Every structure is written in C-alpha cells, then in structure tokens.
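Below is one structure, written out as structure tokens; the observations come after it.
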Amino acid sequence: MKEIKDFERIKIKIASPDQIRNWSYGEVKKSETINYRTLRPEKDGLFCERIFGTTKEWECYCGKFKSVRYKGIICDRCNVEVTHFKVRRERMGHIELAAPVAHIWYYKYIPSRIGLLLDITASSLNSILYYEKYVVIEPGDTDLKKMQLLNEDEYIEARERYGMSFNASMGAEAIKTLLENLDLDELSSKLRIQMIDKDDKTDKKLLRRLEIIENFKISGNKPEWMIMEVLPVIPPEIRPMVQLDGGRFATSDLNDLYRRVINRNNRLRKLLLLNAPEIIVRNEKRMLQESVDSLFDNSHKRKVVKGSSSRPLKSLSDALKGKQGRFRQNLLGKRVDYSGRSVIVVGPELKLHQCGLPAKMALELFKPFVIRRLIESEAVFNIKRAKNLIEQEVDEVWQILDLVIKEHPILLNRAPTLHRLGIQAFEPVLVEGKAIKLHPLVCHAYNADFDGDQMAVHVPLTPAAQAESWALMLSTNNLLNPANGHPIVFPSQDIVLGLYYLTMEKKNVVGEGKKFLNFNNVILAINNRSLDYNASIYVKIHGEYKKTTAGRVIFNEALPKGIEFVNKTLSDLELQILISKVYVVHGSSIVIEMLDIIKELGFRYATKFGCTISMSDIIVPDEKRTYVERANKEIAKIQNDYAKGVITGEERYNNVVSVWLKTNEELTNKMMEILKKDRDGFNVIYMMADSGARGSRNQIRQLAGMRGLMAKTSGDIIELPIISNFKEGLSVIEFFISTNGARKGLADTALKTADAGYLTRRLVDIAQDVVVRIEDCGTINGIKVETVKNGEEILESLKEKAVGSYSIERIKNPITGEIVLDANEEISEAKIELLEKIGIEKLVIRSVLTCEAEHGVCQKCYGRDFSKNKPVNIGEAVGIIAAQSIGQPGTQLTMRTFHIGGVAQAGSEDDKISLKNAFILNGIEGFNVRVDNGILFTRKGTLKIINVFYEEKIKNIKEIKVLDSQRVIKGIPLFIDKKGSEILSSYIGYVKLRDDNFFIVSEEQEVSLKAGTKLEIEVGDYVESGKVIGTFDPFAEPIIAEVKGKIKFKDIILGTTLKEEINTETGNVEKRITDNVFESLDPRIFIIDSSGMEVASYVLPGDAYLQVEDGQSINIGDIIAKLSKGSEKTQDITGGLPRVNDLFETRIPKNLTEMAKVSGIVQFKSIQKGKRLINILDEYGVEHKHYIPAGKHLLVRDGDVVKAGDMLCDGRINPHDVLEILGGISLQEFLLAEIQDVYRKQGVSINDKHIGVIIKQMMKKVKIVAVGDTNFVYGQKVDKHTFYEQNRKVIEQGGEPAIASPILIGVTKTSLNIDSFISAASFQETTKVLTDASIAGKIDDLRGLKENVVIGHLIPTGTGMGLYKKIKVSENIDSEV
C-alpha cells in the first residue's frame, strides 16, 4: 500500500450523488443513536455497527465471531463485519433524501453561486427553494418567459389559461432541472460577446458569472450537483456520544442536526406514499431544506437551531470556522506532550548555551528515557517497577537522569512568540527548586524579564529533532537578529552599568599617571590597593606606551586573545558595536566566549561598585526659574498679539506649545550638563542614563527638570505645562493634569498588542509560501539604492542599504578603469567601503521586488541571510522571517494619532532656516518676488546648493594639481602648498575655483522651502555653516500677492462663503472663508492694475483667514489670506501601527490628494457638483480632467507647468494612484519608504528586503485589460506567472496574447486569493473560500508551509524540501585491490 502521506497535491470538488453513494457503507434510515438499556448502537441508526463498523475490536455485534482470525468475515446473523473498531473513524453512511435539497453554501452565500449561473437574484432563488413561488422551466408556446416567477394565484391562472402546455415547478427540483438544462459553452460565448458589446467592460456581475461558468467547465463539476439527492453521514467517531457520570450522555451537536434531517426525511417519505395534500408535502419539503441548511451551516441562517440549553448548535461549517474551528484549533496549532512550564529566574552562573531545569521537572519530562536506562542497567526488569523507583526518587534515578540529560537539548519558549527567537534550544543543567534558570543575555531575544514571567519547556524526542535543535536552534547559533543583522544577544542593565563603571576615567585618584610594563603588573597594583580602577595610567601594548585606565586593562585582559585593545568607556551601544565587530572579524565562537566573559565581568563590578541613588543625586538647575520666567514673558507677548487680532486662536495655541517645548528642551540640556559635571561624571543617575543601563534623558528631566506638557486622551496637548518636577513635588492641579495621559497609555498598550498580533498573522499568511527555491532566476532588473538623507542628516547609509545584496551591473573605478564590482557579485562590507572610497553613491542591486522566480524567490535576489551573515540557503522560509521581522516590532509602535504641531513635530518647528554645512547658493526655483531686504517665496520653492567640504585660499597654494570642476576622490593630490608639502583630498566631490578660493564641493542638492519663506541671501553667495539664511511662519501658510494693484473680491459673500467671527476673548472680528461648497460660487480674490485689468487671481480654500478688504491697495509680498496650521486638525497624521496597517491594506487615505496624471500645463475650469475641474494639457494638446473637491488648498495655479505625479492639492497620496500614474517601481519605492519611515521614527531597524517580500506578494496579480486569444475574461485578476504562461502558449500557436495591467492588493485580500485553498481557508472566510475552490475544482500543489502543516506533511523548507526528500544514502565500500 502506498504511504497515505505520500502525495504531492490535493484536489477539492463538488461530490456527485454517485460519489456520495460510493463512499457510503449503508443507508442510515432511523434517527436513533444507541439503545438506552444495552448502550449498544441501534440497527440502521446513526451509530449502526452494520454501516459504520464494530464497536468492539475483532467482534461482531451479536458475538458469534470473536477473534482476530475471523478478520473480514461478515456475520450471517447481524451482518456486521469483523474488523478493528478504528474503522468507525473512516466509514461513512448516507441518507437518501425524499426530495432534492439545495446546498446552503451554493445558494445562500453572497454572491449566490446558483443565482449567478441562472442569472436570478438571491431573493427570487430563496422564494423558489422555500416553496413560495413557481418558476417557469419550459414556457412551451405560451406568453410566459423562461425563468419567470409566478405566485400561487398567477400559477393557477396560467394553468387555467394554458393548460399543460407549459412546465413550471418550485423547490430544489425546479432549480435542479434548470441547472441540468444549462449549456455552459453556449452561455460562456454569449456572455463574452455581451462583454465586448458593453462599453463598460468592467461589469462585475458579468465578470463573476463568466468566472463561475469557466470554473465549472474546467473542473468537470456539473451544476446540478449543487442540489443534493443524497446526504453523506460522517463517521460516528467524528461526532461521538460519550457517557457521563450519572448515566447521562453528552453528544456532538451534529447528531442532533442529523436526527432532525432523518426525522423530517422519513416523515416526508410517508406523506408522499400517502399522497398527502400538496400544501402539507410542500411544508415538509421546506422543513427538510431548512434542516439540511442547519446541518451544513447553522450560524448563517436567520433563525438558528438551538439545543436543549438554548445555545445555537454547532454545524459542520462552524466546526471549520474561526479560532476554535478545526483549522486553527487542531490543525495549525496542537497541544504538545513532553512539555512543562514554570517561572523563570536569572542564572548568572550559566554559560550561553545552558539553562537551569528544576530536577523534579526534568525527571517527569525525561521519564521514558530514565525508565529505559533503568531496565538496560538491569536495576529493574519491568516498567511498573521502574516507575515505582522513580516515584521513590532513589539515588540511582538521579544518576541516570544526569546521564540522560547530558547533551539532550531542550527547547525553551516564552509567549508571545513574536519571532523565531521566541523558541531556542539549550543544554539543561539540573537545579534545585522549582524555577527555570535563564541566561541573562538571551532575555532580549525573548523579551523576558524576571518579574514573574513564565516559560514553557519542550523535549525534542527523535534523533532528527535533537540534531535540528543542536544545529539550528541552540542559543549560541542565534546571535544575530534576522530582521537587520544586528546582535540580539547583548548585555543590558546591571552588566552595562558594571562595565561602564569599570572603564570610566576619574581624575585625582590613587596611582594616576603611573607607567606599567604589562597587564599583570596593573592587576597586582589594583590588588595591593596602590591603584584605583578608574585611574588614568600608561601601559606598554605592542611595544609602545598607551594611555588608558586600570579598569580598561582588566576588561581587555579578560577578553579572548586576538581581540584588539578596547580603549574607551563602554556604554550599551559601544558594547553592541564591539560584539558586531568581533563577530565579523573573529566569528561566532570567539563572540560566544566573549559574551560570557562580559556577563561575568559586568555582574562582578556592578556588585563591587554597588551604586545607590539618593535625593542629593537629583540636581535641579538654578537657572530653571530664569527659563520659566522667560517663557512666561514670551507667552504674555503671544497672548497680547492674539488680543490685538494679529494671530488666530490656533496660531496662539501652537505658539504657546512651541514655547514650552523649547523651554523644556533648554532646561533639560542645562540639567544634563550639570549632572555630567557633578562628581566628575560619577553622578549615579547620569551614569545609568549615559551608559544606557536604565532610564533616559526624558525620565531624568521629570525628576530634576520639569515634567513638561501632557497630552489629553484625544492626543491634543494641554497647553498648561507641569512646571514642577518629582523632586520638588507637583501641585494639586499639576497632579490632576498629569493623570490625563496615564489611562490612555494603558488602554493603548492593551489594544496595540492585539493589533500588532493580528498584523503579524496577516503578514505570515500572505508570505508563508515565499521560500528560497532556486539559485538564480536570471533577471536583469534591479532597484536603485542610495543614501537616505533628511536634509543633510544621513538616516540610512548606502552600506546599510546594499550590503549583502548582489549587484546588477559591473562597476569600474572611474580613474583606473579596473573592475571594482562585477555583475552578480555579492556586495560585502569591504566592497562597499571600496565603492564609497571611489565616490560611488548610487547602486543598482538585485532585489526580491524584481525577482522573477516562478514560486518564492531566488538566492541571488534575496542576498544575505542576516541571522547568519552569510548568503541565504536554498529552502530558507524567508517569507515567514519577513513577516516576523515586521510584526515583532509592531508592539513597540505607538497607537497615537498625532496632531500637526503636536508632539510629533512641534519639537522641530523652528521659524529660522540654517544649514549645518557651509554652501554656495547655485540657483533658486519656484515662484518668488523681490521685497526690500530679500527674496520672498510666494509658493513652495527650492534652493539649489552645493555643500562646501573644504576650502583654502589660493594665495596659500604653490601649485594646483587638479582642474576646475574635476571630480576628485579620497587620496588624490590636490595641490602643493607654500611649504612644499603635497595635500591629498580627504573628500569625494568636485573642485571649484572661485575668486581667490579653492573649494571642494558636493553635487548640486535641493533644499525645499515653504510658502512665505523670506530668503536673506542671493544666488552665488558663499554661506558659512549655521548662518540663518531665511525665516518663515511655522504655524500658518500664507497666500501672498505677486503683483501690485487693488483687491477685488469675487463670490466672497458674507453669510454664504464668508463668515465673520467675533472672538469672545479678544473682541476682534475674524473673517474666515467657509467650508461650504456652492455650485455657482467660487471664492477668489483678483488683483486689478491701474487700467482696471485683472493681473492675478487667487482661489481661496476653505478655512482661510482673510487679511485684506475689498478695494484695498496692495503691494508685492503682502499677505492676502492665511491658512492656519491648526486648521489642519482634521488631517491627523496617522502614526505608528495604524499607518502601517493602512499601507499594508492599501487603504485609500481619508484626506486624499489628487496627482497630475500627465505632464503639462494647468488650466482651471468651473466647479461641478462640489468639485473643481482642473485640466492638464499634455504636449500633444490632449486635455486630461482632474476633479478636486472645492475648498481644498490648491498647490498649483492657472498656467503652471506640472510633471506627472505632482500633487495638485494638499492631502495624502493614494498608493493606487502612484501605481497608475508612475508605475510599479515607483509604487514599490513609495510603499517601502512610507513603511520604513514609520519604523525609523520609532528607532526600529528592519532591512528593506523583508518589507520587499511582502510588497512583492501584494503585487503578485495583474488585471486583464485585453483578452486576445486567451481564455481569460476581461477584468479578471490573475497571477503574473499564470498570465505569462498562457500568453507564451498562445504566442507559440500564433495567436494574439492578452494584455494586463499591474494591480496592488492589500494583505488580507491577497491571503484570501492565494493559490492554495487550504491556506486561504485556514486564514479567514473559510466557507466562502472552500465554496469557490470546490466549484473551480482547485488543485492545491502544497507549496506553502501552512497547507503542509494542515495535512500533516513536513514543511517544504530546509531539509523538508522536495530537493532533499529524494536523496538516498548508500554505503560505498571499495573492495580491496
């Protein structure tokens, strides 16, 4: 017999009535279950032994045959076959239905599948099936139409009128006849013609009908099979009946549901034999339909069937659905034996690969192994005696347990397991007590602490499982974080503090300035107390004296040999950098040795130095009062401006918040400065924060500075700050304000955890079948990577972006012409350094986004596996790693939606512009006007600048060795100075000779400016670093006059488009344009010159505050109106988790911007239906219409030239628009940048390739826009590879290929549309997925991980891949010659 598990694909179809009868071992005729006296199954009942098999092993029902030797004999008295009782798990029965019944999945679920085939609505279908209306099947030669519905009266009338010349009927029989009469081929071609004729080709109903018809044709299912004549009865062991204490029975709900069906079926059969009146028969048929519906899906009905305890009964569908359903409860997650759990405590004495296991627990877990050893050692001779010995806990048992445990790994898991490092293997060490001991350095990977956390222990039993634990899961093999390649095993808290203390330098202590020949002398001096740990000394290293401290010598002495001398104060970051460096240079074995040394040293010296905190360590700066007084003065001035009406209420609020944030920042800086100087840097609070052991600048600020501004529950900032700190104590009002944020914090955390968990689940589902399957897909496409900058600050270097990837193109040294990097070569750290040295700033690399492997990805496109720092192996489940890498930090992301000017940005809003580097202004772009003392930008603008890296006066140069504008790299001779020495370049850039200066400058860069910015420099100016070059209003966006003249209002009508508000606080009148949209009114301001001509026009958006009067004279640069930033309250910046969710689900943002579809000239048209029409005239003179909601702030004006993809009004970008206008590559870049932005702001580092894997899955499908000669349907969404494959076949046969456009689908939808129906069904909407899959006769190729777990195969990754399955091991012994 072929091994049952040895199959490669699985198919799902609709079972035909014959198929169901084939499966069956007999018909269930009675609704009885078991006899209440004998407790044996009733004959022909739901548990009948004749049908389902015997309940007693190798014995028939009546007891005539009792032995295994009669196997297979059918008893002549009771007709029961002599078999094993386990057949009751697999033998099915059936019920012959007295009337056909429709299957609820195919008629009730929306869209109704039967309804689509017959083209009738769901309600009409229901009325036919529930015997309310007749349907005309054959109209004959009458006036009736086929499929026409008739109620009782109409039917009687038609019969009287036409007699028997037409055929009409009701119930499932009628539907069955209609389905049998369908000609699918004819219907398909008819619908295809209809689709071509219809101009609106994307008629969804037509598309759905065509898809269903094609699916029926391909799968070989017959439509009439959706109507059932025979009902299968599942095996009795799957719907068991068990006796409880007290003689009562507990039974599966399915038995009750089956009994209702059998009772009604039998009753109907009797009524049909008796020729009962039609109305009674019809009612019984309807009840039969209802009972079968309840059996298949009880929860989907309006009136659910309830059991004795008035709870809804669980039907077959309910058993599959949801978290408690078969898929998620029993198939994807199972409870495991040989496991235990206990509280964890710290085990500082353990080695990195060890964990402490309580002896009692170990004895229980390893019991079978101990029993086997006891019997082998002949201490006992049977299992029962061995168990007794174990219970008595005699000495031999402990000795044997020690032997058993040696080199038998165990797995430790801490819930929640957010990434693969949540389960690791350790070698157990027996410990007393009942708590598991955990190594302190692995806490970070588990996110564990010792405040009562519990962990589970699992014992891998088979040799293969043990080998896998040793080779792959041992804690020492998991030193790096798979998300980014940074070490995940590193010291924190006490250890960091101990090492920080040890390696710090202190002035004026014992032994300062002494010289030592070697390390041993230093340690002797310390032991003799003639040298302080923190004393600055000189030690001979590699033949020369080096200045260091005694503590650093101790640290370096303890490190493994070969690691270069570490001569700095070690904070947590420094330690992580050190671990990283040692890993790269010396490999993991040295790192493991070093980590245990670091742990040991850290704990020892933290104990030795024993730092404590007292109130006197918390130093409140004396300047605090001055700062607060100054802030109050500034606020008084702001209030005064507000009272005069110079600024609006929102500007006032924003300014006040800004003042307090600045004050708080200044005070914090001062406080940290004071703490740093206190006790020469040995202030304990400062040390804890500076070393990164515990606490942060923010927390110290609350202790010794001021608590600062608090946020309300809504996320708004309360403008009244808490000026006190915890040392001074809070006043009553301050305490009350500070309670505001606390509750929100707790609620957020609870919601966030569930949200992040769900995000991970969706990501795992979409990416679970992405496995590295081949070595090289042979693509020639790649993506461009360059350094990510914010202004001048480098956020992510080229190294972080490209290291570990493969290059697409060959790169040569621009000067020597030699090949630095070949095509398809891995970009190592050394290569990147070389590239940076020769000035390469952009690279095209292979990426998962452009991989062309048919399934999964290829090795070359994926690049490096970060958890091992080596190229990825074939068989690595990179999809799941990607999902975990993105989901795991999800719990750290905030939930709060920030307001503009709220905590999110207020810190950075400054009203002055200055740049860090010196630069030369090359040019200006954007609309600007000249005013008295500078240039005023009336709209957004750009400065074209070149940064100056190096400058020298030409008079100090003897001979210049380079040309003007020449590109130079590091190490190139630039000039010979007056002293005759050759000066080499230490920068990459361009030479610029100007006036009497020699500069090295960068490539031209752009700096964006806001509207209303006043620039105080001119083109061509050389500007020193840090100099203020311009000012702007951070809290309002002005609309500025670009010409001189008189103001003329158009459609600005008081009470309609203009609202005058009298400010109750100040008594000033504020004029505001309303948000209301009127068809005919378009509020604008014209500027008229002296001759009465209109020279400029300005559209006024909703919520703009007017600053001018009608008829008033105006000069260039005057403000006409301003938009307060506060009025952008509605546009909350969705931060953190909700933003990531929106991006992965590709939701259309609320406050949407309109992007220019083409490049061209803007033309303003009228307002239609509340939307402003803007045309863009492209280079061919074609107009492209854009509709923008009136009242939105426009970013373009009439006559402007725009590029495709430019924003026409403010708002958020819709990712679908990016795909449509700018294409797939731009969309990938957009999504990648947006998602990374959220994580980067939270300080989380995730490599691009992980996000790339998910985006690749989201863009897997294409939409058919032209069918050609293929079998596709217009508007159908198909997999890219299916599309290419079909086209290839059509082209080979000389046909016309189909055309498709790329589409973007959110993660939930993608998971449901995945090729594997098992995976999709186990994700969400189980019944819907199975319904569609059965109609299409889908085949699951079992490629992904989930589907293999469900059916009980090994997952197809690593050694479970088909690649390795077929390997045969054979011994090849050479015979001696």
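A Cβ is built for glycine as well, from the same backbone N, Cα and C atoms used for every other residue.
Model, not experiment: these values are computed from the prediction.
Now, the feature entries from Swiss-Prot:
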BINDING   Cys60, Cys62, Cys75, Cys78  Zn(2+) 1 binding site
BINDING   Asp449, Asp451, Asp453  Mg(2+) binding site
BINDING   Cys777, Cys851, Cys858, Cys861  Zn(2+) 2 binding site
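Overlay of Swiss-Prot annotations on the structure.
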{"residue": "Cys62", "record": "Zn(2+) 1 binding site", "DSSP (3 states)": "coil"}
{"residue": "Cys75", "record": "Zn(2+) 1 binding site", "DSSP (3 states)": "coil"}
{"residue": "Asp449", "record": "Mg(2+) binding site", "DSSP (3 states)": "coil"}
{"residue": "Cys777", "record": "Zn(2+) 2 binding site", "DSSP (3 states)": "coil"}
{"residue": "Cys851", "record": "Zn(2+) 2 binding site", "DSSP (3 states)": "coil"}
{"residue": "Cys858", "record": "Zn(2+) 2 binding site", "DSSP (3 states)": "strand"}
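Long-range Cβ neighbours of Asp449 (Mg(2+) binding site) (same chain, at least 6 residues apart, Cβ-Cβ under 8 Å): Cys443. Listed binding-site residues: Cys78, Cys777, Cys851; maximum Cβ neighbour count within 10 Å falls on Cys851. Around Cys861 (Zn(2+) 2 binding site), the same-chain residues six or more apart in sequence whose CB sits under 8 Å from its CB are Cys777, Thr779, Tyr806, Arg846, Ser847, Val848, Thr850, Cys851, Ala853, listed in sequence order.
Considering other CB atoms within 10 Å as the measure, the emptiest surroundings among the binding-site residues Cys60, Cys62, Cys75, Cys858 are those of Cys62. Note: the Mg(2+) site is recorded as Asp449, Asp451, Asp453; in the same chain, Ile344, Ala448, Phe450, Gly452 also have Cβ atoms within 8 Å of that site's Cβ centroid. Spatially, by CA atoms, the binding-site residues Cys60, Cys62, Cys75, Cys78, Cys858 include one closest to Asp451 (Mg(2+) binding site), and that is Cys858. Separating the Cα atoms of Cys78 (Zn(2+) 1 binding site) and Asp453 (Mg(2+) binding site) is a whole-number distance of 60 Å. Cys858 (Zn(2+) 2 binding site) and Asp453 (Mg(2+) binding site) have their C-alpha atoms 40 Å apart, to the nearest angstrom. Listed in chain order, the extra residues whose Cβ falls within 8 Å of the Cβ center of the Zn(2+) 1 site residues Cys60, Cys62, Cys75, Cys78 are Tyr61, Gly63, Lys64, Phe65, Asp76, Arg77, Asn79, Val80. Sequence-distant neighbours of Asp453 (Mg(2+) binding site) (same chain, six or more apart, CB under 8 Å from its CB) are Val343, Ile344, Arg414, listed in sequence order. Other than the site residues Cys777, Cys851, Cys858, Cys861, same-chain residues with C-beta atoms no more than 8 angstroms from the centre of those residues' C-beta atoms, the Zn(2+) 2 site, are Ile774, Asp776, Thr779, Arg846, Val848, Thr850, Glu852, Ala853, Val857, Gln859, Lys860, Tyr862. Other Cβ atoms within 10 Å of the Cβ of Asp451 (Mg(2+) binding site) number 5 in total over all chains.
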